[in-house]
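Q: This is the structure, below, for whatever I ask next.
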Number of protein chains: 2
Amino acid sequence: MANIRLVLEFDGSNYAGWQRQPNGLAVQQVVEEGLGRLLGASVTLISSGRTDAGVHARGMVANFHTERILPLAAYREGLNGLLPPDIAVQEATLVADDFHARFDARGKWYRYCLCLNPVRSPLNARYSWQLRANLDVAAMTAAAADLVGVHDFQAFRTSGCAARTTTREIFSIDLLAAEKLLYIDVRGSGFLRNMVRVMSGTLVEIGLGKRPVNDVKRLLLQDQGQAGRTAPPQGLCLMEVWY
Amino acid sequence: MANIRLVLEFDGSNYAGWQRQPNGLAVQQVVEEGLGRLLGASVTLISSGRTDAGVHARGMVANFHTERILPLAAYREGLNGLLPPDIAVQEATLVADDFHARFDARGKWYRYCLCLNPVRSPLNARYSWQLRANLDVAAMTAAAADLVGVHDFQAFRTSGCAARTTTREIFSIDLLAAEKLLYIDVRGSGFLRNMVRVMSGTLVEIGLGKRPVNDVKRLLLQDQGQAGRTAPPQGLCLMEVWY
């Protein structure tokens, strides 16, 4: 019995998110079906977490146990030959029997991408939230600093979040400008449902002057529903999970 | 009568290139039809040049003459409201009556994007040529320097090129690495058909060690057909045209 860890990159545009579900095609289902064909046996993937419909990943981690032992390159190359163009295995490694992609995750890096342009930008439409406005990046950076640390983030989740506890640790938030793009890089121990998207939406509202720069401090003491809008999914990418 | 200059950005994935043609939908046709609806009169666009099927543009320039005088913002916003998501006007400006987008162009900047990754990268598939190999960037940079200057580029065009003369000036070629991406930025006075893609394909073959680093010097004395393969269209973007 081998425990194989996969790192997956996918364009989430055409998927109903990572997790299998009755309505719509999930990335998990496509990868599991590919593995089923490769190994001739059904496989269940354990992922580092879920991603929502339309969210992308550069480094989603998932593991599976199998008795069909192949050379490691065969998991990667063989599976890639069976996956559609918008999903690809980047790495396949043999890990300890007790490795668990969700329970063992120590942190995650999400990137939210904004495109700031006076008109819509077709070449950035697929992987960013297009804002036809100027943002006060200094105000956003100051507000982002207030999110860093151990806090109760219940104001920064959305309905449907099943987490029992709402305290999480944000290690860092970095705002990086690259021509007309502005990246919000968030690293943390774990995330509530839509947390990065609600954080990004709130920071954007601060950048637009719709909320005061010190609003994050107030929100960290509030209930769900007080924060900014949930930023749209196509701007979000799960960049890396570390163990 | 006004002469209006447009700067257009488009994702060329779903188009048969810039120029109107019997087989397939061209970007020119879509923009002209949008202008026709906006102005209630048929319009012919004069572009800075053509782009091939599947090639993108961040800054295609085109002008048109019209007797329907609108506020400049109306050309931009009104036309964007009539264009599909993969085409958008970035700028609309009033120019002198004798401005001609092709004849007056003094130079163009094209970017060819390579994605170097051991496996295919879904998030880079739309806008790069994916090469599952390492490239000798130093050899490519040395070879690129041989392309700079005034040369007869007949070896670097493809069949169907209607240009009568094949001497052009390349102002600069810069190779820029950005994580797994490698950009080939080419600036020049004008370009033969597929010239940037043949240059890029040749530089890649040099980077792979399939051609000697001094092969460009030899090719500049050769006829058409001796250079490297034409790099695929989705890696190419017309970045800017200047006047």
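Glycine is treated like the rest: Cβ placed from N, Cα and C.
Sharing the feature lines straight out of TrEMBL:
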- A:Asp52: active site, nucleophile (ACT_SITE)
- A:Tyr110: substrate binding site (BINDING)
- A:9-104: domain 'Pseudouridine synthase I TruA alpha/beta' (DOMAIN)
- A:143-243: domain 'Pseudouridine synthase I TruA alpha/beta' (DOMAIN)
Q: Find, among the recorded positions listed as A:Asp52, A:Tyr110, the one whose Cβ has the highest number of other Cβ atoms within 10 Å in the structure shown.
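A: Result for the most crowded candidate: A:Tyr110.
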Q: Rounded to an integer, what is the Cα-Cα distance in Å between A:Tyr110 (substrate binding site) and A:Asp52 (active site, nucleophile)?
A: 13
Q: Under DSSP, the domain 'Pseudouridine synthase I TruA alpha/beta' (A:143-243) has how many residues in helix, strand and coil?
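A: Looking at the domain 'Pseudouridine synthase I TruA alpha/beta' (A:143-243) with DSSP, the answer is 29 helix, 31 strand, 41 coil.
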Q: For A:Asp52 (active site, nucleophile), just give me the three-state DSSP call.
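A: Going by the DSSP assignment, A:Asp52 (active site, nucleophile) belongs to neither helix nor strand, so it counts as coil.
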